[in-house]
Every structure is written in C-alpha cells, then in structure tokens.
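One structure, pasted below without further comment.
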C-alpha cells in the first residue's frame with residue numbers, strides 16, 4: 001500500500017506510479033460495464049429488441065441499488081483513505097465496517113419495499129403488456145441478489161483503498177468473464193431468454209463478491225472489519241460524502257424513465273430500444289472518465305489527509321493534461337465507431353439501428369464536457385467535500401438534464417432527446433470549472449495556515 005498510494009512529497013510523484021494505480025481502476029470500471037452490456041448484446045441477438053427494452057425499463061431499480069452501494073463505497077472509501085493518510089487506522093476501520101453493514105442493510109430494506117409493490121412500480125417505469133413478464137423476471141433476480149450487488153461494489157472500492165488495485169480489477173475481471181460464459185450458455189445455447197441473462201449477471205456478481213470477502217478474511221491489510229466503536233453518525237457521514245454517486249444513480253433512474261416515456265411518444269418500442277442501445281454504449285465512454293477519476297481519488301485522499309497539498313496539485317496537473325486531450329479523442333471515436341457499436345445490438349437494416357447511430361452521434365457531443373464535470377465531482381469527494389460533489393452531480397445528472405429532456409423534444413422530437421445530455425453537460429461545466437479554479441486557492445491557504453501554526457509552535 002505504501003508504495004502504491006502514498007506520496008510523501010511532490011518529487012515522489014511519477015506518471016508510471018500513477019498509472020500503476022489508475023490503469024487497474026479503469027479496467028475495473030470497464031469490466032463493471034460488461035455486466036450490463038453483455039446482457040444487452042445476448043438478449044438483443046437471441047431474444048429480441050422488446051426484451052432489450054424490458055431490461056432498460058427495469059434498470060432504474062438497478063440504479064437505485066447501485067446508488068446505495070456507490071454512496072457508501074465512494075464516500076466511505078474516501079473517508080477511510082483520508083484517515084489512513086493521517087495515520088488514524090481505527091477510524092478508517094470504522095468507516096469501512098459501517099459502510100459495508102449500512103449499505104447492505106439499507107439495500108435489503110429498499111428491495112423488500114420494491115418487491116411488495118413490484119407490478120405497480122414496473123407499470124410506473126413504463127412496462128407495457130408486451131414487456132411486463134420480462135420486466136418482472138429481470139427485476140426479481142436483481143432484488144434477490146441485493147446483498148451481493150451491494151457488497152461487490154463495496155469490496156471493489158475498499159480493496160483499492162487497501163492498496164490492491166490489481167486484485168480489485170481481478171475481482172471484476174473474473175465476474176465479467178463468468179458473466180460472458182454464462183450468457184452464452186444460458187441465453188445462446190439453452191435459450192433461457194431474459195431469465196438466463198439475469199442469472200448470468202447475478203452469478204458473475206457472486207463470484208466477484210466472494211473474492212472480495214476472501215480478500216478481507218484471509219489477508220491482513222490496512223483495513224479490517226471490526227465490532228467496536230461503530231456509530232450511525234459515521235455511516236451517515238460516509239453516505240453523505242458519497243451522496244454524489246447516489247444522486248447520479250437516482251438521477252439516471254429518473255431520467256431513464258423520462259427518456260423511455262418520451263421516446264415512446266415519438267418512436268414507440270423502437271425508440272425505447274434505441275435509447276437502451278445508447279445507454280449501453282455511453283457506459284464505455286463515461287467509464288473512461290470515471291475510471292480515470294476514481295484512479296486518482298485514493299492518492300488524492302491520502303495526500304490531503306496527510307496535509308501534502310503539493311502532492312495534490314501535482315496529481316491534479318496529470319488530470320488537467322488528460323482532460324485537455326481525451327474529450328476530443330472520445331467524441332471522434334464515438335462519431336466514427338457509432339455504426340460498429342450499434343451493430344452489436346441491432347440489425348443494420350432496421351429502424352432501431354438507424355435511429356441509434358444518429359442518436360449516438362448527437363448524444364456523444366456530451367463527452368466533450370462530461371470528463372471535466374465527472375473529475376471535478378470525484379475530486380471534491382476525494383477531499384471529503386461531498387456537498388460540492390453532490391451539487392455538480394445533481395446539476396449534470398438530474399436538474400439540468402430533466403429540464404432539457406422536457407423542453408428540447410417539444411421543438412426537435414427525438415433529436416431533442418439526444419441533445420438533452422450535451423446541453424446539461426455544457427451548463428454544468430461552468431460550475432465544475434469554478435470548483436477546479438477555486439479549490440486550489442483553498443489548498444494554498446490551508447497549507448499556509450498549517451505552516452504558520454507550525455512556526456508559532458516553534
């Protein structure tokens with residue numbers, strides 16, 4: 001852990017050391033995306049676009065569960081890293097333990113409430129008589145697997161903070177590979193339809209979860225589960241610090257409903273299928289930004305917790321260089337490769353294919369701005385400023401996006417749906433840049449105050 005995460009001075013920061021931590025983190029994010037995309041590819045190929053639409057209709061429920069997991073995982077792991085950086089191991093262990101227990105308990109309560117009203121909720125989400133049966137099947141297995149879904153996310157983040165980003169990646173890799181194999185067996189060979197896709201995903205998550213449990217049970221690292229000193233206040237603090245990720249997932253859930261209902265008005269089931277395809281493909285691009293930002297988060301938290309603000313500034317300069325180039329490469333790739341990506345989900349001569357390719361090229365303009373917004377939010381969370389992080393995420397993922405989803409389609413139809421995301425990202429960028437420009441001054445002021453206090457003591 002010491003070699004991987006902690007930089008005691010700015011001179012120790014090297015790109016090779018940063019990449020050694022960042023690359024496994026991005027690959028972890030990429031393979032987490034596999035859980036969603038592989039289901040879509042197999043279901044679309046072997047079952048049909050109506051079943052693909054059913055998965056997208058259910059996905060807001062998945063977003064809620066994932067949001068609970070990520071709130072504790074990102075918020076709790078950042079707090080744990082801050083404490084470890086400051087030499088407060090007991091407090092780091094408390095943050096870890098209460099995050100695991102609190103998230104699983106809260107997730108199970110939410111799942112139980114959803115299960116008791118499942119048919120009503122699915123109808124509100126947009127399920128039709130054509131898609132209801134598939135929606136119920138897919139939702140059932142996700143709700144049953146709640147402890148595994150949440151626990152897997154928690155262990156992924158805390159293993160990384162414990163100094164083992166490669167093992168964290170291996171848990172995602174193993175689960176992703178098993179998911180692909182089981183999708184082929186259950187959906188492709190055994191023709192189990194959406195049931196097979198559900199089982200493949202949950203069993204893949206189970207493998208990742210078990211590997212996470214074994215890591216903390218069999219290995220003596222910086223973090224461990226404890227029984228004493230736990231408090232609801234600590235759990236609330238961890239959850240609030242990671243609130244931006246919960247807001248993001250909840251916003252995705254709500255906006256997915258609006259996406260689906262609006263697309264249904266303008267293009268019927270084909271419109272929902274096109275939205276589903278674009279949602280799958282955008283995970284690959286957003287995953288690059290998210291993986292990069294989360295890769296920098298633990299070293300930033302360690303340095304900030306240890307008052308090494310010069311290290312924070314050097315690490316941030318790497319981010320600035322990345323964000324100066326990556327968005328343009330990302331959009332160029334999105335524009336050129338949209339037909340290839342969409343062809344995995346829809347036939348080239350279909351209405352869905354044509355609609356999704358054009359939609360991806362418009363929607364993808366948001367990637368020019370989302371990188372800065374995502375990094376700015378995760379950066380503030382890494383520094384324990386979850387309220388700033390939550391504001392950025394609330395704007396880009398919910399408030400502005402919902403506004404543009406309501407307004408733009410009235411003028412431009414389906415094109416308005418695709419352009420809602422770029423419009424929201426552009427306006428959020430103003431706020432995100434404000435935090436990026438303001439907070440370095442705060443770091444310098446804090447550093448000066450600490451130096452002054454040290455001088456007074458001497």
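The backbone N, Cα and C atoms fix where each Cβ goes, and this holds for glycine too.
What TrEMBL shows for this protein is this:
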| type | residues | note |
| --- | --- | --- |
| TRANSMEM | 21-49 | transmembrane segment |
| TRANSMEM | 61-84 | transmembrane segment |
| TRANSMEM | 96-118 | transmembrane segment |
| TRANSMEM | 138-155 | transmembrane segment |
| TRANSMEM | 167-187 | transmembrane segment |
| TRANSMEM | 193-217 | transmembrane segment |
| TRANSMEM | 238-259 | transmembrane segment |
| TRANSMEM | 271-292 | transmembrane segment |
| TRANSMEM | 322-346 | transmembrane segment |
| TRANSMEM | 352-375 | transmembrane segment |
| TRANSMEM | 387-411 | transmembrane segment |
| TRANSMEM | 417-439 | transmembrane segment |
Take the transmembrane segment (167-187) and find every residue of the same chain, 6 or more past its ends, with a Cβ under 8 Å from one of its Cβ atoms.
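Those are 24-25, 27-28, 31-32, 34-35, 38-39, 42-43, 46-47, 152, 155-157, 159-160, 193, 195-197, 199-201, 203-208, 211-212, 215, in sequence order.
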When each of 21-49, 61-84, 96-118, 387-411 is checked against the transmembrane segment (271-292) for Cβ pairs under 8 Å, which one has the most?
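Most contacts with the transmembrane segment (271-292): 21-49.
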So, do the transmembrane segment (417-439) and the transmembrane segment (193-217) meet, by the test of 3 or more Cβ pairs under 8 Å (sequence gap 6 or more)?
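Per Cβ check, the transmembrane segment (417-439) does not touch the transmembrane segment (193-217).
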Take the transmembrane segment (322-346) and find every residue of the same chain, 6 or more past its ends, with a Cβ under 8 Å from one of its Cβ atoms.
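For the transmembrane segment (322-346), the nonlocal Cβ contacts are 40-41, 44, 49, 52, 273, 276-277, 280-281, 284-285, 288-289, 292, 352-353, 356-357, 360-361, 364-365, 367-372, 375.
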Would you call the transmembrane segment (21-49) and the transmembrane segment (96-118) in contact, using three or more Cβ pairs under 8 Å, pairs 6 or more apart in sequence?
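Contact criterion not met.
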Could you pull out which residues elsewhere in the chain have a CB under 8 Å from any CB of the transmembrane segment (352-375), counting only those six or more residues past its ends?
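For the transmembrane segment (352-375), the nonlocal Cβ contacts are 49, 267, 270-271, 273-275, 277-278, 281-282, 285-286, 289-290, 292-293, 296, 319, 322-323, 326-328, 330-331, 334-335, 338-339, 341-343, 345-346, 392, 396, 414-415, 417-419, 421-422, 424-426, 428-429, 432-433, 436.
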Which sequence-distant residues neighbour the transmembrane segment (138-155)? Criterion: at least 6 residues beyond either end, Cβ under 8 Å.
54-55, 58, 61-62, 65-66, 68-70, 72-73, 76, 99-100, 103-104, 107-108, 110-111, 114-115, 118, 122, 168, 171, 175, 194-195, 197-199, 201-202, 205-206, 208-209, 211-213, 215-216
Hey, which bits of the same chain come close to the transmembrane segment (387-411), Cβ under 8 Å, at least six residues off its ends?
240-241, 243-245, 247-248, 250-252, 254-255, 258-259, 262, 266, 370, 373, 376-381, 417, 419-421, 423-425, 427-428, 431-432, 435
